Every structure is written in structure tokens, then in C-alpha cells.
Amino acid sequence: MTERYIGLMSGTSMDGIDAVLVQLEGDALRVEVALCHPWPADTARTLHELCTPGENEIDRMGVADNLVAREFAAATQALLAKAALTPKEIRAIGSHGQTIRHRPALGFTLQIGNAALLAALTGIDVVADFRTMDMALGGQGAPLVPAFHQALFARPGALRVVLNLGGIANISVLLGQADGGAGSGVYGFDTGPANTLLDGWYRRHHPHGDNYDAGGQWAASGRLIPALLEQLLAHPYFAAPAPKSTGREMFTLDWLDGELDGCTYAPADVQRTLQSLTCHSIARQLPAHSDAPTRPELFVCGGGAHNAPLLAELAALLPDWHLTSTAQLGLAPDWVEGAAFAWLAQRFIQRKPGNLPAVTGASRPAVLGALYPA
């Protein structure tokens with residue numbers, strides 16, 4: 001039976017709300033309509049501020065919780081209008097919410113976006129709070145998308161890696177083996193920062209410009225600082241074993257300032273070096289592939305898929321890999337994560353596990369999410 005689901009996702013880059021309407025029949029997925037709903041400038045500023053510890057956080061978070069829900073509802077309504085559909089034609093919304101803290105070492109993660117208000121405003125059942133059950137079972141609560149990548153993109157006998165370049169970079173390694181029912185043949189983890197430091201450093205030096213370095217052009221104008229790159233790569237996270245996940249809390253501008261330690265590097269040179277940090281940290285953590293029967297494939301999705309200089313550097317570091325976009329697999333790179341949360345909503349409705357313990361470290365597979373009826 002074919003059903004329609006909506007996935008709503010805003011990542012750590014906070015560059016907009018990805019709204020994706022999909023048709024699902026089993027694991028077969030087709031994107032029907034998708035859009036990116038921009039954050040109002042004042043809301044984006046509030047969310048960025050909440051990601052850094054400050055005063056009166058509880059009150060500010062409560063206000064932001066409702067602001068996020070209202071923007072998610074606006075994105076949903078725009079999506080329905082674009083598709084010429086009514087709320088009754090949607091089985092459920094899978095809402096990731098907006099992460100403002102992710103502290104797996106402390107056993108908690110926090111995504112805001114009042115799911116009850118979202119259900120009330122849209123008239124559609126909402127599945128939300130996807131990460132906490134995995135954490136309750138001892139897992140990292142992230143990444144959750146490898147199960148989706150495995151269902152859609154794995155191919156027997158092929159080594160495929162799906163690389164999501166959002167605020168944080170994460171990989172899903174699809175080994176091309178039969179799934180034994182608990183995620184055998186797949187593993188994944190966060191490799192470290194992708195866009196979060198690049199975006200933050202850019203905004204600091206372009207306070208009245210875009211929110212990010214469009215097309216990586218500012219980074220391309222700078223020169224690599226090799227000593228700084230090796231210093232940044234010495235962060236212990238990069239050498240830590242999987243399962244592991246991270247967030248903006250670990251790779252902050254305060255951390256970067258501490259590493260710079262008053263050095264007066266040209267800002268564009270630092271940006272260029274941050275690009276290399278993203279590329280080298282990914283390349284160093286990809287799996288060995290000498291036994292792969294075919295050339296290994298790296299499929300890129302997320303906002304970083306549009307950063308040509310970054311992709312060129314990554315390709316140069318990985319000459320043995322075929323690097324391309326998830327568009328080659330039939331799913332545009334901008335919509336992969338939104339589609340994943342639509343798929344996870346379906347898994348909840350069908351009471352099927354959504355996590356992979358081999359990825360997150362949870363003690364067992366589990367149904368993820370909580371239902372907020374309209």
C-alpha cells in the first residue's frame with residue numbers, strides 16, 4: 001500500500017528547513033515534492049545563540065520550541081500547497097526538530113520544535129523525538145540515517161559510502177553484504193565538522209553578508225596553513241573509535257580560537273585550512289578497500305555537496321574512490337535527510353526498528369520516536 005509521508009529536517013548548519021514529501025511502499029521511496037523553507041533571521045539568530053550556553057536558557061528554549069514548530073508548520077503548509085494536497089492525504093510527518101544540544105557522553109540530546117503544536121497547526125499526526133530511545137539503550141542517538149541509506153542505496157558486492165556534509169559530517173559505510181537483521185553489512189559515525197566551523201568563521205568575518213561561504217569561494221581565495229591543519233587534526237575525536245557522534249558543542253569557534261592562540265593568520269587562510277580539516281578528517285576515517293571487488297563509491301549529500309572546491313580537494317585525497325552525488329542513486333543531495341525522517345516516521349507507524357546498534361552502540365534495535373496525534 002502506497003502512503004505519503006512528510007519529512008522535516010533542520011540540521012546543525014541551520015541554513016533552512018528541508019521539507020520533503022515522499023510516497024512510500026515498503027522500502028521503495030519516491031520524492032514527490034520538496035522545498036527548503038528559510039529561517040526568519042531573528043529565529044535563526046535565537047537558535048544559534050541557544051547552541052551556546054548562556055543565561056536564562058530554559059525560558060529562551062521554551063519560546064524557541066514554539067517558534068520552531070510554527071516555522072515547521074509553515075514549511076509543511078507550503079509543501080502541501082506546492083503538491084496540491086490536503087492534510088488528510090498525509091499519513092504522518094516525521095519531524096526531526098532542531099538540535100540545540102547533543103551530549104552523548106552525558107546521555108542526552110535535545111531537539112526542539114513542539115511536536116504537539118506542529119500537529120495542531122497542520123492537522124497531521126507527527127512522529128518526533130527520534131533519538132532518545134536509542135540513547136536510553138546506551139547508544140549515541142546518532143547517526144540515524146545509515147539504516148535509511150542501507151535500505152535505499154546498498155548494492156550486493158559493492159562498497160558504498162554515503163557522506164552527508166551538513167554542519168557535522170557523517171558517513172554510512174554500506175559493505176554490500178546481506179543484512180542479518182541487526183544492521184550487519186553497514187556501519188557509520190560522525191567524522192567531525194563539515195560546515196559548522198566553515199560557516200561560523202565566515203559569519204564572524206562577514207557579519208553583513210550571507211550565512212555561509214557560498215560555493216566555497218572565500219576558502220578558495222586563501223592558502224592552506226599546514227601546521228594549523230595538523231594541529232586541528234590532533235583533536236582526540238578524530239582518532240576515537242566508533243560508535244561515536246559529535247555536534248557543534250565540540251567543534252566551536254571558541255575551540256578554534258584556542259587553537260589559533262593569538263596567531264594572526266589571514267582569515268581567508270584559516271577558512272581554507274578549515275576546508276582541509278573537513279576533507280582530511282573524512283579521508284582518514286574512510287574504510288580500507290583493498291579487498292573491494294569493484295572500485296569503492298562515495299556518494300555525497302547535504303549542503304556541502306554544492307561546495308565544488310571542497311569536493312575537488314576531497315577527490316584529490318581519494319584517487320581510488322569514485323566520488324559523486326546521491327543524485328546518481330535517484331535522490332537529490334539536498335533532500336536525503338528530509339526523506340530519511342519521512343522513512344523513519346513510517347518505521348514508527350509500522351512499529352519497526354529505526355536504529356542500527358552496529359552504528360549507534362545501542363544495546364538492541366528499537367522503534368524510534370513518539371506519536372503526537374493531530
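Keep in mind that glycine also has a Cβ here, set from the backbone N, Cα and C atoms.
So that you can see what the record holds, here are the features copied from TrEMBL:
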type: BINDING; residues: G11, T12, S13, M14, D15, G16, I17, D18; note: ATP binding site
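This view paints the features noted in TrEMBL onto the structure.
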residue: G11; record: ATP binding site; CB count, 10 Å: 24
residue: T12; record: ATP binding site; CB count, 10 Å: 23
residue: S13; record: ATP binding site; CB count, 10 Å: 22
residue: M14; record: ATP binding site; CB count, 10 Å: 23
residue: D15; record: ATP binding site; CB count, 10 Å: 20
residue: G16; record: ATP binding site; CB count, 10 Å: 20
residue: I17; record: ATP binding site; CB count, 10 Å: 27
residue: D18; record: ATP binding site; CB count, 10 Å: 25
**Item:** For G11 (ATP binding site), the three-state class that DSSP assigns
**Value:** coil
**Remaining residues near the recorded ATP site, that is with C-beta within 8 Å of the centroid of the site residues G11, T12, S13, M14, D15, G16, I17, D18** = M9, S10, W39, G166, G167, G303
